[in-house]
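Chemist: For reference, TrEMBL lists these features for the protein:
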type     : residues  : note
TRANSMEM : A:12-32   : transmembrane segment
TRANSMEM : A:44-63   : transmembrane segment
TRANSMEM : A:84-108  : transmembrane segment
TRANSMEM : A:114-136 : transmembrane segment
TRANSMEM : A:143-165 : transmembrane segment
TRANSMEM : A:191-208 : transmembrane segment
TRANSMEM : A:220-240 : transmembrane segment
TRANSMEM : A:269-291 : transmembrane segment
TRANSMEM : A:303-320 : transmembrane segment
TRANSMEM : A:332-355 : transmembrane segment
Amino acid sequence: MGKPISDSMKISPFLVLFLITSVQVGVGILSFQSKVVEHASYDAWISVIIAGIGVHIIIWIAFKMLRQDQDIFDIQKELFGKYLGGLFGFIQCLYFLVLSTIALRLYIEIIQVWMFPHISILYLGIFFLILVYYVINGGFRVVVGICFLGTVIPIYLLFTLIFPLEFAHFHNLLPVLNHSVKDLMLSSKEMTLSFLGFSTLFIFFPFIKHPKKAHKWAHFGVLFTIVVYVAISMVAFVFYDEEQIKTVIWPTLGMWKIIEMPFVERFEYIGISSWALVILPNMTLTLWASTRGMKRLFRFNQRKTVIVFLIIVLIANVLINGHERISLLSEYISRVGFYMVYFYIPFLFIVYTIYNKVRKSK
Amino acid sequence: MKTATIAVMLSIVVFLGTGCGVEREIVDDLSLVTAVGYDAVEGNKVKGTIAVPNFQADKAVTTEIFSDTSMLLRENNFKLNAEANRPLAVGKLEVILFNEELARKGLQKLKDVFVRDPSLGSRVRLGIVEGSTTEVLTREYWDDDSGMYLSDMFEQNIDRGTIPETNLHLFTYNLYSKGADPFLPFLSVTDMVKIDGIALFDDERYVGRLPYEQTFTFNSLIGDFQNAIFPVYRGDKKSASVSNIRSDRKIQYNGKGNHTELVINVHIKGIIREYRGGKITKKVIKKIENTMEKQMKQQAEDILNKLQELNIDPLGLGNEYHSEHRNFNWKKWEDMYPNIKITPKIDVKIMEYGIRR
């Protein structure tokens, strides 16, 4: 176990809601619909709920498995020893680093395609990363503050979902449950990238003041994300035709195109700009988790690792170019995340439970 | 230490603030295209015409026209750029027109350039023109430029229920939809440019049109619309004009499998706007309702016969049917559609008759 964290560094239990939500809602929400309909077509909103239930289960496992002031690195060290446990921890750190990188790259891609094709990734990246550095440098409580703002302020964007309903074809959603369970499950697997990132919970767990009280807030956070995702997918499904949505790369942004207000001809420009506030907490929390892991594993100074990692993120962002490569990377990382969250963590839970039982009986 | 960091950051911000590599685009230095028209010319080529409003000092607007031929629409834009004094920008595009001949060949490939471009809105209006689109765009529309004028014309006609709502989004929706076919307003050029019915599409190809007189009934078969006028002819002494306040459509299915019968129930609530015969009594209202129902039913049957004959489905009946039936098969529906029995059932209710008895 690491050095216990002093109470002044910890956060109130209810803030876990914002941490979970802000890390789950990211760039994925702008584009997930066209991927999720591939198998279950317009029953896919059920798949979104199924994927959400999966997240609930993992959250339940997290709170069952971790004791106060304990994180996943402690458990891995206890179970697999210093080296193997450390290796697993290191993989997780890398995973969060890549997750953070891809979040920024996907966002910059949207800016490139929708707003400024000539924009320089380097300059935009430096701007963004200075902000990220500033936030992480302020410590975990500042990261939480940004997550709070990043959830609360963009909430107004939910109201924009009303506008596309002008062209709604509600019968698209009928008949409900017209697909096999297998199709629904395959579609919910496609959902994972959008829900990823919440496994940072396993790292920031010791920072929660009363973990027992935080349990329900974590579930509320996931619930809120599911509601948002289901709402957005349903609006997209009634707005687009099934064959049409498959041809659209960013269905949510496409829906914003239909919004016309007296003071703004194209709403998506406002939407994309506001989205910076959603990406920021997303990036900071995953990057914080990554550097925190390095500190726990190798006792590196977190402030220094942040700088190194930010430079890595920047270089990676400049190097990954073109839609195909970006989506390939995000596909890979979502696959890794899928196995990490839905196979490795339950496995860890089972092993840990058996280990505890055996130890107790001795 | 802290002040030093802030200073460093500030200087970086100032240093970077010079551009970020973004190309500067000032509205005054752009030619904002408001309308484009495409005509078929010989071979595989397309003649593109672009209308750009030119705002004069005396508040009048004149239209600048650029026109050239090419195969690709963007290539066309590129060629036209060579003629324009300012770069052409399509961000404010309001109207896209195609001529009949081009629409007959299919619009699937042509619409790509518009749905691929992020700077284009989804509310752009589309229309099919009899003859040449250049003629429509070069015409003078009083103080308006042609793009604005046509866009306003479409908009008010949609609000007034003369034509059903159409725009780029709905057109692509119906184009991709398996259970629906697109339709667009049809423009004809006489002394004035006017909306003259509805152009019907089989998938991407223009195959026929409905005359202007049938648009009221067509609208009522599509769904809900309002404020349109329907003339009820009952001779010189008894004719009346009825405008609709509300209208809704419900579809009913009788029978199963190949023996399915579709009933389209249309309910219209209307107001009498004009009556030739003097005093309006309960009996007169009843009679007007009945005649209107009969006339609309006749028109509806004509329309449905035409649609089934052309094997097209602009009413989106396939989608409706799909949503009500599990284990649905598109292939089966396509075989079924031309021969399925569709009965229109019209119900007209006159609510008010103005401020005179």
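Each Cβ is built from the backbone N, Cα and C atoms, and glycine gets one as well.
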Chemist: Take the transmembrane segment (A:12-32) and find every residue of the same chain, 6 or more past its ends, with a Cβ under 8 Å from one of its Cβ atoms.
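Modeler: Sequence-remote neighbours of the transmembrane segment (A:12-32) are 55, 59, 103, 106-107, 110, 144, 147-148, 150-152, 190-191, 193-198, 200-201, 204, 208-211, 213-214, 217-218, 220-222, 224-225, 228-229, 232-233, 249-253, 275, 278-279, 281-282, 285-286.
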Chemist: State, in range form, which of A:84-108, A:191-208, A:220-240 has the highest count of Cβ pairs under 8 Å to the transmembrane segment (A:269-291).
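Modeler: Between the stretches A:84-108, A:191-208, A:220-240, A:84-108 has the largest tally.
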Chemist: Looking at the stretches A:44-63, A:84-108, A:191-208, which one shares the most CB pairs under 8 Å with the transmembrane segment (A:220-240)?
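Modeler: Comparing A:44-63, A:84-108, A:191-208 against the transmembrane segment (A:220-240), the winner is A:44-63.
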Chemist: Under an 8 Å Cβ to Cβ limit, what residues of the same chain, 6 or more beyond the ends of the transmembrane segment (A:303-320), are close to it?
Modeler: 97, 100-101, 104-105, 108, 121-122, 125-126, 129, 132-133, 136-137, 287, 290-291, 294-295, 326, 329
